[in-house]
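Participant: For reference, the structure I am asking about is given below.
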Amino acid sequence: MVSERVYNLTHSNKTLTSALAADPKESPGELGKKLYEEHHHGIHKPNATGGILATVKGMLKSGATPEEAKEVTAEDEPSQEDLDKAAECGQFGARPSDLFLKIYHDVLKTLDVDPWAGYVSPPLVGSRGVVPLSIISYIPDIIQHHYDCIIRAEHEVFLATNFWQASKSATKICDAFIELSKRAEKRGKRVVVKMMYDRATLKMITESHLFVDEAEWTSDAVKIPKKEEMPWVDFQLVNFHQPVLGTFHCKFMVVDRKMALLCSNNIQDRPNMEMMSHLEGPIVDSLYDTALISWYKAMDPPLPLLGRPYQPPEGGYRFGLENEYATTHILDGSRGEEIFRATREKGEQARDEDEAKTSEEAKGDGRVFIAGKYQTITDHINAGDQTTMATTDLDPSREYTPHVLHAPHQEVPMVLMNRPPYGKPGNDERALLCPQAAAWLAALKHAREKVFIQTPTFSAAPVIDAVLGAVRRGIEVTLYVDVGFNDGGEALPLQGGTNEEVVRAMYAKLEEHEKERLKYYWFTARDQGKPINAHLQQRNCHVKLMVVDDAIGIMGNGNQDVQSWFHSAEVNVMIDSHDICREWLDTIERVQNTHLHRVGHDGVYRDAQGVELQDSTGVTKGVKGVIKGIQGSIARVRGTGGF
């Protein structure tokens, strides 16, 4: 049941954004402490502990025995009255589906203890929006869209990433800042850019949010342009990490309060398949509010659009190349090629680097139309940094289309399901009382037919138990996981174990007749005939996606590991749209070969010749395992663990 307190919170006329607009020189973090004082129990206050643990333990029942799972499902099924009240606690436009509301109902419970459990003002947790574009591809494609959006900013940009590393990807973002400055100068109006990352230092023992000065941001490790190279940009940078384990794992961007990008990738060069969604609509204001609480410190200068809420585009939302942030870089496949040719015939700007080649000539040398130009799939994946060769014939009937130009649609219900950072070591159940954990667990609890999850790591006890519980009650659960995508820290006690250890243990806990419903696959790139161990840094996957009953999609920053479940700050969005979910799933099948490489019922993968993959992590038991685990944990805290 939604409590009266939560109902009032979600209907409040107070948000952090509106409070800061009224007092723009104040610290957003300090304003947030006062904003909902009359409702604030506080997740860390002793008198709230009992209620928190009871709520969390109730959530975790989804991993119970078969008999308990059926009993709990019946007990925890919200009534129609509960769903009606939940529907009133969000700015959804139209009533969401019952499945969406069941998940949202559990999300709302987390606000009962702490209004800031969602890392966003409560009135902005439930919202709506559209998704004109998604990209399920390698980092250069996603960074290119960041560039195309940044240079079109007229007022402000807020860019958040977990780890920033001097690299080709970072250079592309820096080029965007410089181009933005040039455009601002032509308009005669400055642009404010706020940026955040996590590069943990010892200074954070006393202060977790640190302003980064120009000498540091221009150093060899970071290489952001000097102020004189972008004179019409008012640039500020905050480095944030909550000791010890409270990593700022967020990866998103908001431009002019008109659009937002939410993605899985850091700004660095890695051979990772990633996922990004371009969001428009009132949900942008939710991400904007999260940006402010993440920043925490007073801004100088303030963001210029603090007092202007999201405004829909004149004439309605635009999709495909009609969207103002779209360029021909987002065109793939035969459909993209047609649009590209039509654009060129109209005399509009085209960005094909090989326009002289006809489609027929390109196909003759194995090239296809990807990201606005002709190239082979392997060259696209290698991105100029790899020399990995294809090991399988490419099926021409499966077009490789990593840019998802979503079909035009009306606003759909959305929920921002975040988690704030929690730095205290150990897997404290109180850290699970947040919308991210509540939504993931509720999705597995209320699924009626099937759940799909893609994640680089799958090792957190709550999600393992929840998946096993779903399988036992008859739900088909498909897991796409990256073999070897673990740092040494996951071999330490309480860290869940490596992907390979976990999958074997999961199958061992299931009855023989249940094992067929757990469909576990190792990520395999589109040009590969079998999985490649992630530690080789050749073909990895860093996508974070959950789809429930082909209708509810959750994407964003959070991995299915202990770090993301218990410690890191994360931002995710849940959408209520069968069409968008279907477009995501169809694209995943087109751009990967993962669906061809399932592990056996013993949790072990064998290729067509019956040969097992070699151990990928190099993690060992005993003293060596502990040493490697400590090294991996240090790398994770420093932001260099690859997560």
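Glycine is no exception: its Cβ is also placed from the backbone N, Cα and C atoms.
Sharing the record's features from TrEMBL:
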type: REGION; residues: 64-83; note: region 'Disordered'
type: DOMAIN; residues: 244-271; note: domain 'PLD phosphodiesterase'
type: DOMAIN; residues: 542-564; note: domain 'PLD phosphodiesterase'
Participant: Pull the DSSP breakdown for the domain 'PLD phosphodiesterase' (542-564) and write it out as helix, strand, coil residue counts.
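Facilitator: Per DSSP, the residues of the domain 'PLD phosphodiesterase' (542-564) fall into 3 helix, 10 strand, 10 coil.
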Participant: Is it possible to list how many residues within the domain 'PLD phosphodiesterase' (244-271) are helical, extended or coil according to DSSP?
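Facilitator: Across the domain 'PLD phosphodiesterase' (244-271), DSSP assigns the residues as follows: 0 helix, 13 strand, 15 coil.
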Participant: For the domain 'PLD phosphodiesterase' (244-271), what's the mean pLDDT in this predicted model?
Facilitator: 98
